[in-house]
């Protein structure tokens with residue numbers, strides 16, 4: 001099954017083709033440099049950029065892949081959770097394509113797709129435990145199959161990525177700041193007592209990062225010399241050696257605090273499952289963070305389970321993950337009609353697929369997500 | 001490269017107007033029987049627009065690929081409404097291979113008014129945040145624009161209306177004129193403010209404009225007329241980041257003109 005994927009959940013405009021789950025080609029336009037000037041994503045600007053970029057990206061995707069829309073079996077689109085105005089652009093274009101070309105529409109849960117990015121091309125053993133960490137989301141989920149996802153814990157306020165981004169903003173580093181914090185902290189011993197590891201003194205799997213965000217902001221306010229005088233333009237590689245050691249230690253300490261917090265809850269989740277966890281997955285932009293990747297590798301090694309991480313390029317928002325998840329859903333005969341609604345951030349994406357005869361034979365687990 | 005475009009093909013024309021919550025879809029050719037639906041969207045136009053188009057095409061027995069052209073009102077109006085319509089049309093056009101054309105909203109309103117008005121027609125629509133979109137036309141049959149469409153405060157729009165009153169008999173059309181009628185009548189007491197039946201372009205006007213439009217496969221550029229609030233406050237954001245206003249402007253311009 002050849003699936004076209006469209007992703008416009010936040011500030012990346014992306015289109016991709018996947019053939020039976022195998023990535024064919026992706027075309028992506030990032031808006032990070034634009035939003036960096038404002039210190040965070042401006043929703044109206046993001047929506048305008050999605051509309052501006054979508055046509056040229058689609059044209060380039062088909063021109064460079066040598067494929068045509070006629071060869072596409074289904075159009076998959078991120079339907080949320082995300083920024084409503086941004087989602088609407090991708091959703092409207094996807095529906096137009098479906099009506100114009102007579103293709104089925106498959107709305108994809110953006111978070112589900114992030115986790116599926118870690119399974120691409122791999123024979124993942126289930127049940128798997130998944131850690132989803134991005135600028136908008138922090139969740140621990142259990143996957144009993146590729147299409148059977150249960151959320152075990154989530155952030156009650158800010159996402160881990162939000163803590164990184166706001167820390168970077170207080171240091172006057174460009175949005176998205178997680179990359180800067182990661183690179184600047186590399187190779188530096190963290191001060192383990194500098195920042196709290198929040199919300200661990202409980203017995204559940206939820207997260208809270210708002211206190212950590214405030215702690216970093218307060219520390220920077222008390223040490224204003226840490227702030228970069230003029231925000232650098234977010235272009236090209238970052239040379240950590242060019243930055244003050246005090247700033248790099250703050251970055252290393254924040255990386256440590258967040259990685260440790262995630263580790264404690266992840267281990268707790270692994271211990272609390274009815275059946276032994278057979279593999280570990282992680283996804284989302286923050287899963288590209290070096291110390292978090294190292295923590296995950298260590299947990300997986302100790303528990304003797306395989307760890308599946310997406311390639312770094314598939315950690316951030318992308319359309320390959322949407323197209324690949326679309327292939328899984330399409331093969332299971334799961335589609336949407338053209339009245340599909342977007343789901344804004346903070347709301348659960350319903351499992352509301354219509355069942356059509358499976359498009360192709362396959363051993364796909366199509367049990368619905370428990371509501 | 002801008003494609004100057006070609007006249008539409010021989011098939012029926014599909015015209016989509018999503019700049020107000022009264023979502024309009026028209027299907028047909030000028031002077032022939034046509035289908036027209038205009039109704040408030042329940043919730044988001046993203047949920048209702050494509051199913052309504054699909055229903056109308058089915059009712060007319062027209063396959064998408066048999067359309068002569070797909071025209072879409074590109075603004076000014078609701079930013080989100082414009083985008084949902086334009087993104088839908090982009091997908092539809094790419095999906096069925098039929099070219100598309102953008103139509104400007106205020107000339108459509110003026111042409112609708114010109115069916116009963118002769119003289120000067122000022123199209124004024126509601127733009128939120130105390131503003132209106134305004135364009136002035138000389139109307140004797142087909143309206144001729146006397147200037148470009150602009151976004152103005154109601155007070156500035158009243159000045160423009162007073163200026164227009166000096167040219168000839170004055171007609172105001174659009175929801176923006178209705179909402180602030182007192183301000184406009186204070187500026188031009190003899191102006192005629194047309195009623196709600198003219199607040200949306202008439203289907204015959206939409207089809208006539210669609211038949212005259214130039215079609216291509218280049219995505220239609222939206223006509224927002226206004227930057228978003230954050231862009232209007234760019235200097236303040238720049239100061240927080242330690243950037244000069246010109247440096248911040250350069251970065252925004254650079255980031256919104258490339259595709260990398």
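Just so you know, glycine gets a Cβ as well, placed from its N, Cα and C.
Automatic prediction, not curation, is the source of TrEMBL annotations.
Feature annotations, reproduced from TrEMBL:
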BINDING   A:110, A:114, A:317  Fe cation binding site
BINDING   A:132, A:133, A:134, A:135, A:136, A:165, A:178, A:182, A:289  substrate binding site
DOMAIN    A:26-323  domain 'Gcp-like'
Per-residue pLDDT averaged over the domain 'Gcp-like' (A:26-323) comes to what?
94
Intrachain C-beta neighbours of residue A:114 (Fe cation binding site), sequence separation six or more, cut-off 8 angstroms:
A:132, A:134, A:283, A:284, A:310, A:321
Looking only at A:132, A:133, A:134, A:135, A:136, A:165, A:178, A:182, A:289, the residues listed as binding substrate, what is the longest Cα to Cα distance in Å?
18
Hey, how far is residue A:110 (Fe cation binding site) from residue A:289 (substrate binding site), Cα to Cα, in Å?
20
Between A:136, A:178, which of the binding-site residues has the fewest other CB atoms within 10 angstroms in the structure shown?
A:136
Between the Cα atoms of residue A:178 (substrate binding site) and residue A:317 (Fe cation binding site), find the distance and write it as a whole number of Å.
14
DSSP three-state assignment (helix, strand or coil) for residue A:132 (substrate binding site):
strand
Could you state the whole-number distance in Å separating the C-alpha atoms of residue A:317 (Fe cation binding site) and residue A:136 (substrate binding site)?
11
